[in-house]
Amino acid sequence: MNKKIKASAAIVAALALSLGAFAATSASAATKTYTLAYQGPLSGGEASTGTDEQNGVKYAIKVWEAANPGIKINLVSVDDEGDPAVASKVAPGVGANKKIIGLVGPAYSGATIASLPYYKAGNLTVISPSATRVSLTDPKSPTVKSDYGRPIFHRVVATDDKQGPALAKFATKGIASAKVFVFDDQSSYAVPLRGYVEAAIKKISTASLVGTGDSVINTTTDYSPTIAKIKTSGANVVIYTGYYSAAAIFIKQLRDSGSTAVFAGGDGVFNQEFAKLAGKSGEGALLTGVAGLADVDATIEADFKAKIGVSSGVYAVESIDAANIFLSGIKNGKTTRAAMNKWVKAYNFKGIAGATIKFNQHGDISEGGFAGFLVTGGKLVNKGPVA
Amino acid sequence: MKNFNLRDFGAGIWERANRPQRVAIAISAIVLASLMPFAGGSFLATPIAAYDAVLVYPVAIFVLMSLGLNIVVGKSGMLDLGYVAFFAIGAYTMGFLGMHTSLNTWEIMPIGIGLAMLAGVLLGIPTLRLRGDYLAIVTLGFGEIIRIVALNVSWTNGPNGISGIPMPPDLGPIKFRLDDQKGFYWIVLVMILLTIWMIRRLSVRRPGRAWEAIRQDEDAAELMGVPTFKYKMWSFTLGAAVGGAAGVLYGSKNLFIAPEMFTLNVSILILACVVFGGIGNIWGVIVGGVVLGYLPDRIRFISDARLLVFGLVLIVVMNFRPDGLLPRKKREKAIVKKGADA
Amino acid sequence: MFDVFIDQFWQLTFSGISLGFIYVLIALGYTMVYGVLRMINFANSEIFMWGTFGAIVASRDLFKYTQTSDPVTGPKLVLVLVVQLFAAMAFAGLVAVLVEFVAYRRLRARGTNRLATLISAIGMSIVLSEVMRLLTASRPVGSPRILEKIILTEIWGAQIRLDTLITILAAGAIFIILERFVKLSRMGKAIRAVSMNEDAAKLMGINLNRVITVTFLVGGLATGAAAFFYVTVYEYTKFNIGFTMGLAAFTAAVLGGIGNIRGAFFGGIALGLAEVYAASILGTQWKSVTIFIILVLVLLFKPSGLFGEAVTQTRA
């Protein structure tokens, strides 16, 4: 190649580059891009929860982008592994990244508490689809200085102190003299919930607590000591606060031991996977939870599957609702953190499940409670709200 | 360049240098290290996680803990798989006293270190007579016990953990802010320098020689009149002290601690830092802590396969550089090899 | 406090023994490798985890059983169970050989320090569990119920269940076969020779690499058999189950005297019993604390475990 050709090649290349650059700028002038974030466990042992929730957010964004051409949403995935130690590592970066104007999440309460100081410092509004710990929105909690998330924390899920009584009531309904054995999985979700359940049982006149209860970390698969305790206590109702996979292992062992005691669990157990894993042993289990997407609207579920490629998972409704709150804010021109915070505080519209979403001053939704579900034929059948 | 060895090359420069040159090298290294938080705009930046926060934890705290564990594993050759226990004790001391008393971080620091050392002594008395892998499993068990106790007793707030731990008060020009973590980094850096200084002083004196003897052949050392138990105990408690100090800083930096932060994985990760970087060699251990602390956050963009890559890196580096990235001096190593097979 | 323990003593004992037999086989995996290499095989827990997936792949993908299908009966039941057992052992055995090849061989050839090998094995266990995590999208995997869990009879109030009885008998049989193999076969003798004195064994013409590969394989097969029983009893697995089971089995091996095959047996049973007893008396949350305290106490009085390192008393 001689010099001349080289030079002309360079000119052509430069031209092409500048043209490309020009094309790129004109394109970005037409479409505006805003940044939202999702925070939850996207890797590690809890990754399935985070992936399910993030799919909900992605779905909401897809639907919204189709309805609002010209605006693109850039979703930042913030992986906290559901682990407070990791959360306090990533949260400073998210808090400092001013492009992010709203965050769906964090998924877990522990990670939320670890992240909150940084989001408060950056005035970043967060809406959690699944952090249920009471202290996050409780101005009277003993840890109010650190846990209380006002003004930036919101959640579209009901709290453990509402669920505890609902679960206690649902589990003992229709039993003349309920002898209840309660145990937890030692997680920060399950231990407080167990406290609320036990307190509620004591208030029910036809029910009483029996046995010493138990705490079984969820990596255990042998429940024979717990079952021995249940048998000794003579319980006819067993309530487990923990997650679905351990619940499925437990219920199989309980049924195989010949026990016919009623089994009940909270929203940690409330998962289609529970019915699948537990098989026949899971039949008749009573669960409290909030209705899933397929339960709420089958056509949206079909659309979800078409757009995302997988079925919706846990907290899909909550994740979509949370994302929609931010998206409608963007549509209304709330594109700074401060404006977005005001928007969310004043938000008052219907969520996809039909209930009105409106936050009280602490960041909780005013409506929304728990429904009772009965496992029948491998499905979680909605038995209506537990009031 | 076949026999090129970075460690010996570095050591050579140091040995050939005269006193002013050594001071110059040390000062420029310290200055360089303290300027690290300002390099956040460069290729070093970590996606998603804030660079200055990553620099404090994991990087600097990993380095500090690795140096502490190196006293136990690298210097005196005891395999400790429960190092996280001391870290947890420090963090919980900070959490508990920070919440229930008006003491600040700097006042709690000596208490945390003291309690960690006490735990080291209490664990050491029954267990330091054990050798090798038996010691490993007992220390591992101790680490788990501390975590399970924290999970099940009420004053630690159980699985909910302790939140709202106060931040350290400013120390003169060093300020502690949530959105700017440079202050924390510099403080950990100071602690790292103190630890290095302590290890270097001890290494050339009686304890260092005793540890070396114990590591190479404990029976021979005992026969030669080295009070092995006493020096093993010293190395164990000094390691515990560094772990406790790291824990106090971590609690105060993180503002929130929970039992799930103190799993066996932390012990293993710190041990990996020590071995990966170059067991027994301070500079190697520092490199190990920096690399293994920093790497997972730098490669966040491969999100889901992050840990997989981490595991592969461990295998590959260990297979091709079994003495670590920066191995200890050849003289020390040669003797060890003979001793290890014995 | 003791009411459950007294009330359910025989039930707890029976459960503890059947759990113990699973520990015995995993502990064998640790002990075999330790015997010849003087090295904790940190990846053994993940070998176990891969074994559980082997058993599930056989029933779910080979025989096409689902979570809702009825338990199998008649001769087909035996066939399915045996295929599952072999699948679990094959998965675990292959992974064990892979671990040896990737994480150990090169380092051993260079005769370098033990810690490098330990970290390399830890790296391998991270890789194994992460690969499975990515394959299963972090989700738990249920196993179809193959064996109906019939309560055969009650002895002193303890239910003797078919699956746990099979576990005890079959795991016991597998243990005896492996023990005899190490004791009597030519290869077994070579393994013991290597564990006594590697250099002397080499001088006697023993192919060291082969012996070590076989040791890993045998350890992997035992661990795989444990994985099969685990799946049959608990009908569940997940990418992270290895850790808890592995830690317990490793503790059992140390308790009995690591490197000692009979020690692994008694250690495993003792650990299974200690776990259920402690859980029933103190609460399940204190189970592992109790076990570690027992371990420390045992090691204080018998620094090489209950049965000592009998394969080779000398550590020279």
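From the backbone N, Cα and C atoms, a Cβ is placed for every residue, glycine too.
As annotated by TrEMBL, transmembrane segment applies to B:23-49 (among others).
Residues or ranges marked as transmembrane segment by TrEMBL: B:55-74 (among others).
The feature transmembrane segment is assigned by TrEMBL to B:81-102 (among others).
Per TrEMBL, the feature transmembrane segment maps to B:108-128 (among others).
Under the heading transmembrane segment, TrEMBL lists B:183-199 (among others). The list of residues near the transmembrane segment (B:183-199) in space but at least 6 beyond its ends in sequence, with Cβ under 8 angstroms from a Cβ of it, reads 30, 33-34, 36-37, 52, 55-56, 60-61, 63-64, 67-68, 70-71, 75, 168, 170-171, 174-177, 238, 242, 245-246, 249, 253, 282, 286.
The feature transmembrane segment is assigned by TrEMBL to B:233-252 (among others). Same-chain residues lying 6 or more positions outside the transmembrane segment (B:233-252) and placing a CB less than 8 Å from one of its CB atoms are 57, 61, 64-65, 67-72, 75-76, 78, 80, 83-95, 98, 105, 108-109, 112-117, 119-121, 123-125, 128, 162, 165-168, 184, 187-188, 191, 195, 198, 202, 207, 211.
Marked as transmembrane segment by TrEMBL: B:264-294 (among others).
Beyond the transmembrane segment (B:301-320), the same-chain residues lying 6 or more positions past its ends with a Cβ under 8 Å from any Cβ of the stretch are 47, 272, 275-276, 292, 295. The transmembrane segment annotation in TrEMBL covers B:301-320 (among others).
Within its own chain, the transmembrane segment (B:81-102) has Cβ neighbours under 8 Å at 65, 68-69, 72, 108, 111-113, 115-116, 119-120, 123, 136-147, 150, 155-156, 161-162, 164-166, 239-252, 254, 257, 259, 261-264, 266-268, 270-271, counting only residues six or more beyond its boundaries.
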